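According to TrEMBL, the features are:
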- 159, 185, 196, 297, 419, 424: substrate binding site (BINDING)
- 196: active site, nucleophile (ACT_SITE)
């Protein structure tokens, strides 16, 4: 099963036909079986923005990608390998990442620092890139532009995922159609500030690096940083955003929304244009973020936590995160045990000043707490709500006007089994 959502499938097909990006997947020798490498090659260099894990323990690939971003490198290719995180592997690990970058660069015709390499998988195991280099030629030669190839690349990124995650949107400005698409992997170690997840997002709209970074930071804060599967983060988490038109625009040879790209047509000069791009990017990122939660290790339920009436975004996020990461709350949803007291208790320990006399809590379509007391819920209604596969959890604080949404899943026996056997 592939999570493929598109605002305009025909437009996306037309975009792929342009050949601005080609995709490939294959086995290069990390996993015992199955594809373990995904490659994205830009026909021309792409402008690059990124968001990375805040975990102080960063993998070699994250520090490498961050170095390229700081140097404002334009990127020709992205290689993602799965099965080995190449984290905690010392200077040899960084050398392995750079060796793979150089190997890809030799086949696609660019400098090694114009290739971004990301890894995902088991932490602390040497990668030994020398045994993988020989497989890169076939991977590079097999790159083409088809939806099937894109899904194959998304599948090759997977570790404990059960389906590849792909999404795309088209947006129209005047007579010109642009596309934003993305792929992601992730099912465990998922938590705000990025977790064991990787995502590559691409647009053909000519967007400056400055605007890409600004918009990506906002979008990540509203999507990937508002999901949690288990409250853990990893050393490898990365979200990369590329504009295939950005390099042409910055060179003064591209059109942007019908305006010659010599400066006046840049997206960051037009508020409406930036809003349209950001809306499309957010839609794609939210699709992918939701898919990660739905594919949470062992998950059986998708929970949307809505916090309304908060005084600040920080307050709302703290309350939502506390609910989303509570083992007692998550296991109650798995067991379909109607126990709203666990949610109210989680709110109480969130460290935010809350008036429980004003607070309201609704599960599904059932108001369960109001004005300082729990309400009586018919047993049949309680069973019906807890049996739902997608359950809205709405917290109304009555303290302000701010509202946020946050997504999580239940915590199951299978989650324990998957993680108890991860390296075996």
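The count begins at 1 with the first shown residue.
Using the three backbone atoms N, Cα and C, a Cβ is placed for every residue, glycine included.
Feature map: annotations from TrEMBL on the structure.
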{"residue": "159", "record": "substrate binding site", "CB count, 10 Å": "22"}
{"residue": "185", "record": "substrate binding site", "CB count, 10 Å": "28"}
{"residue": "297", "record": "substrate binding site", "CB count, 10 Å": "26"}
{"residue": "419", "record": "substrate binding site", "CB count, 10 Å": "16"}
By a three-class reduction of DSSP, residue 419 (substrate binding site) is assigned helix
